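Pulled from TrEMBL:
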- H58, H60, H161, E163: Fe cation binding site (BINDING)
- 25-92: domain 'Pirin N-terminal' (DOMAIN)
- 232-337: domain 'Pirin C-terminal' (DOMAIN)
Amino acid sequence: MATKVTRTIVKSVLSREQPEGAGATVRRSIGRRELRNLDPFLMLDEFSISPPAGFPDHPHRGFETVTYMLEGSMWHEDFKGHKGKIGPGFAQPSRKEKIWTARTHDVRPPYSENDDLNFPLHFPPAFTVTCNGCRQPEVIHILPILSRYYGARDRLNRILHSEMPGTRGLSRGLQLWVNLPARHKMDEPNYQELLDENIPRANPEEGVVIKVIAGESYGVKSRVITKNPTMYVDIKMAKGKKVEQIIPKSYAGFIYTLSGTALFGGNHQKGEAHYTLVLSDNGGETIPIETTTSEAHFVIIAGEPIKEPIVQYGPFVMNTEQEIFSAMFDYERGQNGFEGASTWHSEISTMWD
C-alpha cells in the first residue's frame, strides 16, 4: 500500500499594509520582494478601500485576474464598454461575497508608489519595433512613454480600466493575478461573474464550509473556466476541526490566512491572519489543516506552473523584453487592443469626487 504524501509549508511571510492606487491600502502576498511570483501566480492583494480611494484608469496586458469580494462592493468599468458592480448591492447588505473574473487587457499595475516600480528592467533610451504594414522599423524613445505611466496622477487617469468602491463604507476583498501562457497573452478580454449564492459549497462536516471558486473540493466542482488549470477555495473552520484538501501533485500553490489561527500542512505550520504559507513541491496530493484553539478563515490557491520566462514591468507581463517594449508601443499608438485608450475616461473614476 502506497504511503500518502502530504504537502508541507516551506515558507511563511507576513503581508504588511502598504499604499496602492489612489489612496487605497493593500496587504500584498504574492508579488512582494520576498515572494516575487509563484508560477503561475504573479500577485495576490488583500485590499481595503473607502471612497474616494480606489484604482482609477490604468492599463494591462498578459495575465488574467480574479477579484473576490469579502465585504462591501466594487464598481468596474473598462474602455471596451464593460461596466458592472461586484459584491452586495445597497439593498442586499447581508450578502457579503461575490466573485468576478476578468482577462487580458483590464487590470491595475502591480506596484506601489513606494516600491521602486517593483520590476526593474534595463531599458535602453530607445528601442526599435517592427510591425506588419510598417514601411520601415520605427524607433521609439522610451523615457517619454515611461513618464506617462509613472508620472503625474492626472496621466494615470487616462488609460483603460477602473475599479472604484461601490459603497460609502469599507470595501474589502482579494485580487489575484494569474499569468497566461504565451499563446493566450493577446486574447480578447472576457468576463465571468459568479454571485455568492451560485458559488458551490462543500460541507465535509459541521463547522466547515468550503467555497469552491475554481477547481474542486470534496467532490464539489466549480463552474468557473480558467485558461490555466487553477484551484481556488475559500475555507472557514470552527475551532477543533480537521480537513484534508486534495491538490493535484503537479500544482504549485500557497495559503493566505484572512483571520484566526490554524495548523497547516504535514509539518503543522502555524498560520495566523495575513500570512502567506507556501506549499512544498514534493508531489503531495493532500493538504492537512487543523484548528485547535480558534476558528480560521483562509484561501488555498494553486495551479499548474506554466514554466515560461516572465518579464514584468508595471502593468505588462510578457515573455521577453521586446514584447514589453511592443506593449508600450501599442499603448502609445493605440493599437493591438489599446484602440481608443488615449481619449477614454471612465465614468466611475470620478463618481466620488
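Counting begins at 1 with the first residue displayed.
Placement of Cβ uses the backbone N, Cα and C atoms for every residue, glycine included.
All annotation found in TrEMBL is predicted automatically rather than curated by experts.
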Around the Cβ of H60 (Fe cation binding site), the count of other Cβ atoms that are within 10 Å: 28
Entry from the binding-site residues list H58, E163 having the most other CB atoms no farther than 10 A: E163
Per-residue pLDDT averaged over the domain 'Pirin C-terminal' (232-337), given as an integer: 94
Counts by DSSP class (helix H/G/I, strand E/B, coil) across the domain 'Pirin N-terminal' (25-92): 3 helix, 38 strand, 27 coil
